[in-house]
Amino acid sequence: MGGAERVVMSGLSSGLSVFFEYDTPKIVHISSKKVGVINRLIQLVILAYLIGYVIVWKKGYQEFDQVESAVTTKVKGVVYTNFTNHSIPDLANRLWDVPDYVIPPQENGAFFVMTNMIFTPNQTQGRCEEDPSMKHVNCTSDADCHKGEAVLNGNGVKTGKCIKSTRQPGLEVCEIYAWCPVENDTLPQKHVALLEGSKDFTVLIKNQIEFPKFGLKKRNILETQNSEYLRSCRYNSSDPDDRLCPIFQLETITGGAGESYEEMAVLGGIVAINIHWDCNLDYSFEYCKPQYTFRRLDNRNAHIAKGWNFRYANYYYDNGIQRRDLIKAYGILFVLKVTGQAGKFSVVPLLLNIGSGLGLLAIATVLCDIVVLYMLKRGKFYQEKKYLYVKGDDAFQVRSYTRYCRVCTAVFYNTPLYY
Amino acid sequence: MGGAERVVMSGLSSGLSVFFEYDTPKIVHISSKKVGVINRLIQLVILAYLIGYVIVWKKGYQEFDQVESAVTTKVKGVVYTNFTNHSIPDLANRLWDVPDYVIPPQENGAFFVMTNMIFTPNQTQGRCEEDPSMKHVNCTSDADCHKGEAVLNGNGVKTGKCIKSTRQPGLEVCEIYAWCPVENDTLPQKHVALLEGSKDFTVLIKNQIEFPKFGLKKRNILETQNSEYLRSCRYNSSDPDDRLCPIFQLETITGGAGESYEEMAVLGGIVAINIHWDCNLDYSFEYCKPQYTFRRLDNRNAHIAKGWNFRYANYYYDNGIQRRDLIKAYGILFVLKVTGQAGKFSVVPLLLNIGSGLGLLAIATVLCDIVVLYMLKRGKFYQEKKYLYVKGDDAFQVRSYTRYCRVCTAVFYNTPLYY
Amino acid sequence: MGGAERVVMSGLSSGLSVFFEYDTPKIVHISSKKVGVINRLIQLVILAYLIGYVIVWKKGYQEFDQVESAVTTKVKGVVYTNFTNHSIPDLANRLWDVPDYVIPPQENGAFFVMTNMIFTPNQTQGRCEEDPSMKHVNCTSDADCHKGEAVLNGNGVKTGKCIKSTRQPGLEVCEIYAWCPVENDTLPQKHVALLEGSKDFTVLIKNQIEFPKFGLKKRNILETQNSEYLRSCRYNSSDPDDRLCPIFQLETITGGAGESYEEMAVLGGIVAINIHWDCNLDYSFEYCKPQYTFRRLDNRNAHIAKGWNFRYANYYYDNGIQRRDLIKAYGILFVLKVTGQAGKFSVVPLLLNIGSGLGLLAIATVLCDIVVLYMLKRGKFYQEKKYLYVKGDDAFQVRSYTRYCRVCTAVFYNTPLYY
């Protein structure tokens, strides 16, 4: 056997030898009631956190998938308004159905129901008096009305003329180019919404969900609900069956959000309908059912710009002149949110949670070391057992090696390294 | 040198000395084929998980940024309907273009294409017979029709009169206040959608994305696609060039979702268009291209409330009387979702992943300790090497120190602490 | 005492004894300037990362909650267009108010302001010439126009006739069934938007947020802002008060996104308005205020399909014939995004962060071990102190135990196990 061969063989066998080795830390095993109890108590707290909170409560043994969903809605209901004292005859005696009060007719993840309105029919482009409640429109002469200036938050552009107001006799206001006559921005009834009857409207919510990771699909209209039941049922949170009914009376929704429909209907508002799916796939997927919660999103106590309204118009022609009906629509915007997750037992998250959780057990050793080594009377004795002092050739010359200093060393610099 | 000075100097030098110290655990190095092999195998599994899964597969060496995006769509296409047997002459011979079938004209992150409809023209407010297919509207005398009662899921409010039905001769139904005549809620054709020709419509999807953390922007209309190509191209998932074409035929989209356009068109439905950007910035940003996938979101097998439809109306005046055309629009709602992320090499996540991954290696030592110390014949020998037994002055008096008990100690209480 | 009793007692006392035990690793304490300094430096870097970045910068001592929000908008403003050279008299002299330019009137989380348009009034179903700028519509004889074929991206379906173009005299184009006359797809003014005056419009943004975990609600209209202030204020990012004003001039928004309103108004675009709430609940909730940022989402340099436009129509009847006004609306889509979180001191995340952070300190020991054991001249000496070599009965026969090999063993296989 040559020298080269010997080196190769030697290298080979050393290389192989590392596969048959095993390193384990040397442990100082101390029998002591005081420290033992402290040690076990801290470990107990950490284990309780790990098992009770991470594994059991937070389902640390499951892998999760977030819900993906599509949601559509269909509002049903009609209301007949019959106002004898109403200033606008067009609205006095008429029926309102879905296309009249759901605006826009289709919205992704939301629907709006008009509950109140200011109706200004038959507007046309022209010159007329500005609403006297606007700012900077009162005038005494034409000089007060700068031609071409837009009225701040107003309805038009000043023509430069100052004219008598018909709405507020005795007052003079600027004339404007606008859609005439301009809107009279006051609700027809103070405390009652025009379409208060909309509280009896119903909405069918169709929600199809999917957990792509697990390849599972479901809808909120359950297989167990037959078409007969679905025709007549109404959501009711306190009934075990009807709390799964996908048809909601609007008043039930606002009630579930802690609001009075009648109050909200006057100035409008925004209500969130949350559909929550919390599925534990370790049980049958059949047990996984939606939970509905409702919450008002806008501020009911807002002093400024309260509620929810917007203006829209229907345009038409009359003898070749474009006209429009302007509607300031107050109403409730229902926003749909679908949340949820599905969990299923899986080995990987369980191991990772146990692994990272056990790492926390090192804290027990750190704390006990401080007690054992520096707070017990026999600390010096334990120190000598725990530490093997080795002096390097470039050791720093320490004049006096005090016990105090070992404490700070241990606490501030070294201790976490022991584990 | 005084006593005080000596103390200060001594404290100072002890304080300094801690900077020149180093603590390292004492290791018991065991040469054993059995345990060595177990040890290496467990380590191999953990390293394979760490390197293979965490680092390579999950790109643990990259920091990530989620995509931010804006998406707009533009549908194009016309269809001419030519029905000789159609009951409603208005729809028999006419052309449909974008403003006719995209409702609402603009929607954030979605677009709707009407494919079928029930058209009820020229409605006006008044009194007329309710649709006899509604519930609780059949009557024999006026007493059956309670005045002011809204018909459940119906079209109006009962006037209190019972009249002969013209739609279903021989039947008597309640008269209602409503938009008259009321809708006849049956599709004009059983199995073919009116606008089935819409399958040839195209939609241009413009998607601009941004990775704010990396300051990179891109759009799905690539720089390499010239205007000539974009005028004629159509998305085709199986062609390497055309699968990046941002213009989609509607039939291709439903086909990609595994659905027949003709079938979906009858009752409508919801289809998600997912644009996925998976960008590895360690390569050039140019290689980062969108992937399109399609999925039907509503339930095609729903027995109840299948498909997707909504009602809307166009309002107009005729001789001062408000009229409207009511349309129950069936169609496909296309919902756009943009997902994706960009990853770029970064030292911090790499170190953190290696750090937390190496922590898992402790599991190997725990398992091997159990084997070496308690399962091997020579376990007692190894125990004596590994443990340094120290008896505190308040040690608990143990009568017999059994090997069994050390196992449970090690397994349930102590082992994780060794590392 | 019988034998059985003795065994039970013995088992009991051993079982009890484990509660009074404590295991701590044996540590080799090395005094060495070189290694000590390396050790402390690495520890310093890790501690700086832990304390500086994880705890202080990333607020590792807080638990967080993501914001939940509702946002609504209200646009105000009018503009008078006065074009003498305008080809379409309907648009020449008229006023535009909110229902005219906000389309659709209500959108969830977004609003659109029309800034430019192509207006095609009084269309009716019929036969007319196709726009000659379309592809494949030029013809010399009827044979070139295949009856029933839809014009690609065009306005109608060919009737099969070839007729003289009135728009481009001397040219012959295919006749089509369509809404006639067809749109002339060119902007009335080249570089100035019709409604450029919309830059002075204002939008009131109402944003109500909630942190459900902490049970806190707030809106962007602050309690400290009285109604007088809100009537006149305008958002101004450089003013300490006005940067909290919830009323934004549209030009300020586009300006904040680095864009010129006048330029964007011509072809339209998409601008994101981000409302960010970063709340530190360790201070008073009052200090938590919104931050507004603006960003253009579409590509301003797009060569193809630039900007944002869509077509819609107003339908009406004239002598029993359905007519419509077609509008191709260019404009700016403002998309609202609400982001943010609230953090509050909590013990659990602090402990978890410290715990996982300290784990990283093990890296220091790994690196120092390599230096001490294999790079220092006295490495062999330290190795003997650190390692207790135990030869199992099935040890692998190693011919030569080289120092080189220990290095590779340590680096590639063992080192992480030491801790």
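Each Cβ is built from the backbone N, Cα and C atoms, and glycine gets one as well.
Taken from TrEMBL, the feature transmembrane segment applies to C:37-56 (among others).
The ATP binding site annotation in TrEMBL covers C:K74, C:V75, C:K76, C:T202, C:N309, C:F310, C:R311, C:K328. Within the same chain, the residues at least 6 positions away from C:T202 (ATP binding site) whose Cβ sits under 8 Å from its Cβ are C:V75, C:K76, C:G77, C:R234, C:I247, C:F248, C:Q249, C:L250, listed in sequence order. In the three-state DSSP scheme, C:T202 (ATP binding site) is classed as strand.
All protein chains shown were included, and the count of other CB atoms within 10 Å of the CB of C:C180 (disulfide bond) stands at 19. Taken from TrEMBL, the feature disulfide bond covers C:C128-C:C180 (among others).
Residues or ranges marked as disulfide bond by TrEMBL: C:C139-C:C162 (among others). For C:C139 (disulfide bond), the Cβ neighbour count at a 10 Å cut-off comes to 20, with all displayed protein chains included. In the three-state DSSP classification, C:C139 (disulfide bond) falls within coil.
C:C145 (disulfide bond): 24 other CB atoms within 10 A of its CB, across all protein chains. The feature disulfide bond is assigned by TrEMBL to C:C145-C:C174 (among others).
Here C:C233 (disulfide bond) comes close to C:Q225, C:D241, C:D242, C:C245, C:I247: these same-chain residues lie at least six apart in sequence, with C-beta atoms under 8 angstroms from its C-beta. Residues annotated as disulfide bond in TrEMBL: C:C233-C:C245 (among others).
For C:C288 (disulfide bond), the same-chain residues that are 6 or more apart in sequence and have a Cβ closer than 8 Å to its Cβ are C:K218, C:W277, C:D278, C:C279, C:N280, C:L281, C:A342. Among the features that TrEMBL reports, disulfide bond is placed at C:C279-C:C288 (among others).
Residues or ranges marked as transmembrane segment in TrEMBL: C:358-376 (among others).
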When you measure from the Cβ of C:K328 (ATP binding site), how many other Cβ atoms are you left with inside 10 Å?
19
Could you find out if DSSP has C:F310 (ATP binding site) as helix, strand or coil?
strand
Which site among C:K74, C:K76 has the most other CB atoms no more than 10 Å from its CB, taking these as binding-site residues?
C:K74
Going by Cα-Cα distance, pick out whichever of the disulfide-bonded residues C:C139, C:C145, C:C162, C:C180 is nearest to C:N309 (ATP binding site).
C:C180
Among C:K74, C:V75, C:K76, C:T202, C:N309, C:F310, C:R311, C:K328, the record's ATP binders - longest CA distance, Å:
24
Please report the Cα separation of C:C128 (disulfide bond) and C:F310 (ATP binding site) in Å, rounded to an integer.
23
Quick one: of C:C174, C:C180, C:F310, C:R311, C:K328, which recorded positions lie within 10 angstroms of C:C162 (disulfide bond), measuring between C-alpha atoms? Sequence order, please.
C:C174
Which site among C:V75, C:C128, C:C162, C:C174, C:C245 has the most other CB atoms no more than 10 Å from its CB, taking these as recorded positions?
C:C174
How big is the gap, in Å, between the Cα of C:K328 (ATP binding site) and that of C:C174 (disulfide bond), rounded to a whole number?
23
Pop the Cα-Cα gap between C:R311 (ATP binding site) and C:C139 (disulfide bond) into the table, whole Å please.
28
